[in-house]
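J.: Quick one: structure below, then a few questions.
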Amino acid sequence: MAGNQRRRRRNEKSRSQPVRKNGSRDVDPFEYGEALSWRNQSYMNDIADRCAPSPHPLSMCQSRAAAFGYPCEEYKVTTEDGYILSLKRIPHGPHDSNTSTEMRPPVLLFHGLMVDGATWVMSTPKQSLGFILADNGFDVWIANSRGTNSSRNHTSLSTKDPAYWEWSWDELASYDLPAVLQFAYDHTGEKIHYIGHSLGTLMILAAFSEHKLLDVVRSAVLLCPIAYLSRTKSKLLKLAAHIFLAETVHWLGFYEFNPVGPVAHEVLSQICGDPEINCYDLFSAVAGPDCCLNTSTFCAFLEHAPQSTSVRNLVHLSQLVRNGGVSRFDYGNAKDNMKHYNQPRPPPYNLSSIPNHVPIFLTHGGEDYLGDVPDTRHLLRTLVKKHNSDSIEVIYVPDYAHADFIMAYNAPELIYGPMVDFFKRH
């Protein structure tokens with residue numbers, strides 16, 4: 001009862017307006033098979049009913065867009081290194097008499113870690129960003145990175161081949177991101193508004209820091225950006241990084257990381273003995289306590305997530321937590337780094353070199369464990385010190401955590417409305 005009251009107070013508190021600026025466990029959960037509680041439990045809106053544990057059998061277009069009458073197109077995009085990606089498109093809303101896309105500004109949405117593009121259409125048309133954009137006159141493109149459920153094909157490799165999984169977010173930034181952006185640009189003939197969430201923000205920041213994609217991107221929205229990670233509030237991530245857990249998994253010969261598979265079970269068993277880590281609520285332990293997710297949206301999310309990523313990607317993110325900067329993948333020794341980079345240490349991504357004219361809309365939350373406030377402020381200082389004041393807008397929502405920015409019931413009012421206005425100005 002007390003827990004319900006605490007959650008109710010937190011939900012009431014979450015309705016406050018954002019700050020906007022321009023410029024010791026007694027039971028082992030593994031004994032009962034409930035370690036992956038993000039799939040088994042939901043506390044949203046004080047409802048303790050469990051979400052359906054099975055993944056949705058249909059694609060995003062069939063399971064989400066078609067259910068609400070939205071047209072949805074599916075394309076296959078092949079990256080330079082041979083990965084075949086699924087790219088979805090919602091060209092217009094269901095009630096739009098003008099179905100032409102000629103006057104519709106294109107926008108590309110790129111998801112975060114261990115999820116896919118379905119996260120943008122998890123709720124009703126009035127609450128899901130993908131639908132909201134289509135209803136507001138945008139030509140909506142939704143990316144799905146390599147390794148996710150709809151993007152597991154390759155020109156020569158199988159997902160059973162270790163080589164298939166030898167990538168990190170370096171490759172996502174260098175291959176996946178430019179492939180889907182160029183595809184959308186070629187089809188529309190217009191520069192693309194970009195929206196990234198979590199890892200999707202790190203990719204575009206890395207590309208911009210090397211002055212790439214500027215010829216096809218019109219503006220960039222960074223929803224709870226991930227860049228600097230050394231001060232993350234997630235004790236689970238800190239512990240995993242500092243005991244080199246992902247590296248150990250890789251050394252043991254595992255390459256794919258399925259969050260609901262046996263490897264994940266074994267990984268979590270190594271860290272859930274720590275009394276400060278709540279493995280009954282892994283979702284919050286990783287990303288922070290979201291304030292504003294309703295149960296139906298969260299359960300729909302769990303039908304499509306979590307999904308696989310590469311172990312090497314987790315190794316790379318762990319390096320960011322330990323090292324404090326934003327650099328390319330560290331192969332662990334000077335010889336291998338010399339082989340790949342012609343220098344003994346991996347080169348950094350110089351985020352301060354991002355051109356100051358690129359319109360950027362950045363949002364972050366006070367309860368976010370991944371895009372935590374100190375690290376995000378470090379990123380902002382890096383960006384703002386040279387950025388044109390009329391080309392950057394920042395919205396801070398004190399009660400938002402990581403998933404609120406893509407699934408909160410009040411995100412249309414607090415985040416998406418101002419975002420659409422930003423697009424119309426740029």
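Here the Cβ of each residue, glycine as well, is placed from N, Cα and C on the backbone.
In case it helps, TrEMBL gives these features for our protein:
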{"type": "ACT_SITE", "residues": "Ser198", "note": "active site, nucleophile"}
{"type": "ACT_SITE", "residues": "Asp368", "note": "active site, charge relay system"}
{"type": "ACT_SITE", "residues": "His402", "note": "active site, charge relay system"}
{"type": "COMPBIAS", "residues": "1-12", "note": "compositional bias 'Basic residues'"}
{"type": "DOMAIN", "residues": "65-123", "note": "domain 'Partial AB-hydrolase lipase'"}
{"type": "REGION", "residues": "1-28", "note": "region 'Disordered'"}
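Mind mapping these onto the model and telling me what they sit next to?
T.: Around the Cβ of Asp368 (active site, charge relay system), the same chain contributes Cys224, Lys233, Ala287, Gly288, Thr376, Tyr400, Ala401, His402, each under 8 angstroms and 6 or more positions distant in sequence.
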J.: Tell me the residue counts in helix, strand and coil for the domain 'Partial AB-hydrolase lipase' (65-123), as DSSP assigns them.
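T.: For that range the per-state counts are 9 helix, 19 strand, 31 coil.
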J.: Can you give me the same-chain residues 6 or more apart in sequence from Ser198 (active site, nucleophile) with a CB-CB distance under 8 Å?
T.: His111, Gly112, Leu113, Leu223, Cys224, Pro225, Ile226, Leu370, Gly371, His402
J.: Compute the average pLDDT of the predicted model within the domain 'Partial AB-hydrolase lipase' (65-123).
T.: 90
